Amino acid sequence: MSERLPLMAGNWKMNLNHLEAIQHTQKLAFTLADKDYEAVEVAVLTPFTDLRSVQTLVDGDKLKIKYGSQDISAHDSGAYTGEISGPMLSKLKCTYAVIGHSERRQYHGENEEIVNAKVKAAYRHGILPILCIGEPLEVRKAGTHVAHTLAQLEGALAGVPASDVERIVVAYEPVWAIGTGEVATPEDAQEVCAAIRAKLAELYEAELADKVRILYGGSVKSSSAAGLMAKPDVDGALIGGASLDADEFVKIVRYREQAVG
Ligand SMILES: O=C(CO)COP(=O)(O)O
């Protein structure tokens, strides 16, 4: 099995203006030490308006924190009012773009075709997608959550070559666990993350699937991180609310120091 560097990524959602973003990133930078970054990749996924400020800090102080956006346009330029393009994000040296978050699927009508086009747009400009997939509560209750999530994965990756997919990050985010305080059990997370890896092996190759980092997202806190990370197919977390508290986020990054709860 290849060594996958765990990724702890904070999705700030629509929180923190650019001044708050500077303060928050500086606090993370002060607290995190080289040994933290050796053990875990740390990323912040910020509102578009924060990216320049975060980039300036990261570049200026040579911080090891990675950063990225929460969305990306499927188009590269042109008459798309309100959109932010891949070239704009790569100019800001974004490593990542979150694509297909359930909040965008729910509130902005993003379907599989749009998600697929955004994944391709990210790769065109050297940005790595953090592709979000996961089932709503009614699907979980019906017991078809694995099939639902794998269909989203397949749709998002249609026509995307192996050379791109081997660097993707997939985030399994069951919708019922997002912002609800109801974290999935480590077993629930493992079931779907393992199925995602198996699907990647089927669509591409086992060797590729072995390299891809699969995160869990949904009400992750420092008290639940170690238990989730103990599972073999969970390679990190996408953290919403808890990432807005720098001390709590650092505790998640240092999950190895927490009890398996
Ligand atoms: O949606 C999420 C991360 O993308 C999870 O959000 P919460 O951690 O606030 O539940």
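Note: Cβ is positioned from N, Cα and C throughout, glycine not excepted.
Note that TrEMBL annotation is computational and uncurated.
Annotated features in TrEMBL:
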{"type": "BINDING", "residues": "ASN11, TRP12, LYS13, GLY179, SER219, GLY240, GLY241", "note": "substrate binding site"}
{"type": "ACT_SITE", "residues": "HIS101", "note": "active site, electrophile"}
{"type": "ACT_SITE", "residues": "GLU173", "note": "active site, proton acceptor"}
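Sequence features, as recorded in TrEMBL, placed on the structure.
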{"residue": "ASN11", "record": "substrate binding site", "Cβ contacts under 8 Å, 6 or more apart": "LEU45, GLN70, VAL98, HIS101, GLY217, LEU238, ILE239, GLY240, SER243"}
{"residue": "TRP12", "record": "substrate binding site", "Cβ contacts under 8 Å, 6 or more apart": "ALA21, VAL44, LEU45, THR46, PRO47, ASP50, GLN70, SER243, LEU244"}
{"residue": "LYS13", "record": "substrate binding site", "Cβ contacts under 8 Å, 6 or more apart": "GLN70, GLU103, GLY240"}
{"residue": "GLU173", "record": "active site, proton acceptor", "Cβ contacts under 8 Å, 6 or more apart": "HIS101, SER102, CYS132, ILE133, GLY134, TYR216, GLY217, GLY218, LEU238"}
{"residue": "GLY179", "record": "substrate binding site", "Cβ contacts under 8 Å, 6 or more apart": "SER219, GLY240, GLY241"}
Where the C-beta lies under 6 angstroms from ligand 1, the matching binding-site residues among TRP12, LYS13, SER219, GLY241: SER219, GLY241
Same-chain shell around substrate excluding ASN11, TRP12, LYS13, GLY179, SER219, GLY240, GLY241, C-beta within 8 angstroms of the CB centroid, reads ILE178, ILE239, ALA242, SER243, LEU244
Whose Cβ, among the recorded positions HIS101, SER219, GLY240, GLY241, has more other Cβ atoms within 10 Å than any of the rest? HIS101
If the substrate binders are ASN11, TRP12, LYS13, GLY179, SER219, GLY240, GLY241 per the record, what's the largest distance between their Cα atoms, in Å? 14
